[in-house]
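In what follows, a single structure is set out as structure tokens and then discussed.
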Amino acid sequence: MTTPAPSAGARITVPVALEGRAYDIQIGRHQLCEAAALIAAMAPGAKVAVVTDERVGPLHAPALEACLQQEGIGFTRITVPPGEATKSYAQFTTLCDALLAAKIERDDLVIALGGGVVGDLTGFAAAVLRRGVRFVQIPTTLLAQVDSSVGGKTGINSGHGKNLIGAFHQPALVIADTALLDTLSEREFKAGYAEVVKYGLIDDPAFFDWCEVNWSRIIAGGPERDHAVAVSCRAKAAIVARDEREEGDRALLNLGHTFAHALERLTNYDSTRLVHGEAVAIGLALAFRFSQRLGLCSGQDATRVARHLDAVGLPSTLQQVPGGAGTAQEIVAAMGQDKKVRRGVLTFILARGIGQSFIAHGVAAEEVTAFIEAELAVNGQAH
Ligand SMILES: NC(=O)c1ccc[n+]([C@@H]2O[C@H](COP(=O)([O-])OP(=O)(O)OC[C@H]3O[C@@H](n4cnc5c(N)ncnc54)[C@H](O)[C@@H]3O)[C@@H](O)[C@H]2O)c1
Ligand SMILES: O=C(O)C(=O)C[C@@H](O)[C@H](O)[C@H](O)COP(=O)(O)O
Ligand SMILES: [Zn+2]
């Protein structure tokens, strides 16, 4: 797979073909004024609430607001604290009340300007505010541009588990302005990269090959970054269009997540210890090693996945969870709240090889416990 060279100011449009709820993802550098123009056309006379977090707000909200002003769109800014802990009941009610205080009406619009935390929280508030208002995603992390801003999964966490309270609510538009990523920390960039490489591991081995060669250029910026965002969005849009509500193969997008969500819960959603993308990186490596243990996948492929994550600087073992991952029993108990559980039995996304993932229902908890015990026993040695 080669990287197509974009022309200056180029924009890539990826449609999400959902009947009655179709929308576009616009990808390219410096798209904020384009976003404001599209919003003005989509909702003439509407006012908007720009929801952002304390880190992103000062960096990027003024530029967006200047574009909104140019279009004659009235706006209010609502700021939430940064980090995973913000996907909480408390922040959700505070945000809903702030939107009501701003008199956001049914014909108005809510903009989520931030990473996946702001997107998931804001999307959920938009889903229920006055029983549903439109919202626009302007994702500012790599993770949010390649994954969370697309597909309409919105929600918050509970002490019982990740994303357990939420709704499907599709955005009306997604603007992935890749220049916004220039201010992202290296840690957050790499975390988002785990969701990029996930698409290769699910069903696109050529993209995985390309990622192995080009990952550092994605981080550096340039055509490889836009290409990676576009390939990821096309892959996600295709799955979402055929299975919006995860009744079938949308679950493939959960590769690595049964492990990841358990780890996030056991680290108390503490972003200083583990962020979602890092948990996903560990989950991807574990999904491949678990598949190897079950005799489904070659050791070469499982090792290749872990080696790539290591090369990027992402964690790939339970030993790398700061402060410890917990016991095998605790991890498996946390998995019991996974949304893919059916009649109490775990579902996993497993792999026959790189790019050959599949949904496995009815995985015995004892098998998982034994696998995790073995992983914990490796005790930091190379896998
Ligand atoms: N809805 C979905 O389909 C979906 C998909 C994947 C992940 N998620 C969710 O997304 C969340 C993770 O999202 P995330 O990784 O974007 O984390 P995040 O939203 O916490 O953002 C990461 C950090 O980067 C900062 N930041 C964001 N943009 C920045 C920028 N341009 N410059 C400087 N700093 C910036 C934020 O303030 C935050 O501190 C998790 O809650 C996960 O469950 C949802
Ligand atoms: O969009 C999806 O579907 C995904 O599974 C994408 C995941 O990367 C994302 O983390 C999602 O929020 C997980 O969904 P959940 O239903 O397992 O909470
Ligand atoms: Zn994810």
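Keep in mind that glycine also has a Cβ here, set from the backbone N, Cα and C atoms.
Bear in mind that TrEMBL entries carry predicted annotations, made automatically and left uncurated.
What TrEMBL records for this protein:
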{"type": "BINDING", "residues": "Gly116, Val117, Val118, Gly119, Asp120, Thr140, Thr141, Lys153, Lys162", "note": "NAD(+) binding site"}
{"type": "BINDING", "residues": "Glu195, His257, His276", "note": "Zn(2+) binding site"}
{"type": "DOMAIN", "residues": "78-190", "note": "domain '3-dehydroquinate synthase N-terminal'"}
{"type": "DOMAIN", "residues": "192-341", "note": "domain '3-dehydroquinate synthase C-terminal'"}
Given the binding-site residues Glu195, His257, His276, state which is nearest to Asp120 (NAD(+) binding site) when distance is taken between Cα atoms. His276
Using DSSP, what is the helix/strand/coil residue split across the domain '3-dehydroquinate synthase C-terminal' (192-341)? 107 helix, 0 strand, 43 coil
Taking the mean position of the Cβ atoms of Glu195, His257, His276 as the Zn(2+) site, which residues outside that list, in the same chain, have a Cβ no more than 8 Å away, listed in sequence order? Leu143, Asp147, Ala194, Lys198, Gly256, Ala260, Gly277, Ala279, Val280, Gly283
Take the domain '3-dehydroquinate synthase N-terminal' (78-190) and count its residues per DSSP category (helix H/G/I, strand E/B, coil), listing them in that order. 50 helix, 34 strand, 29 coil
Counting only residues 6+ apart in the same chain, whose Cβ is under 8 Å from the Cβ of Lys162 (NAD(+) binding site)? His261, Glu264, Arg265, Tyr269
If you measure between the CA atoms of Val118 (NAD(+) binding site) and His276 (Zn(2+) binding site) and round to the nearest Å, you get 14
Quick one: of the binding-site residues Glu195, His257, His276, which has its CA closest to the CA of Gly116 (NAD(+) binding site)? His276
Where Glu195 (Zn(2+) binding site) and Thr141 (NAD(+) binding site) are concerned, what is their Cα separation in Å, rounded? 11
Averaged over the domain '3-dehydroquinate synthase C-terminal' (192-341), what pLDDT does the prediction give? 97
Filtering Gly116, Asp120, Thr141, His257 (binding-site residues) by proximity to ligand 2: which pass a Cβ cutoff of under 6 Å to any of its atoms? His257
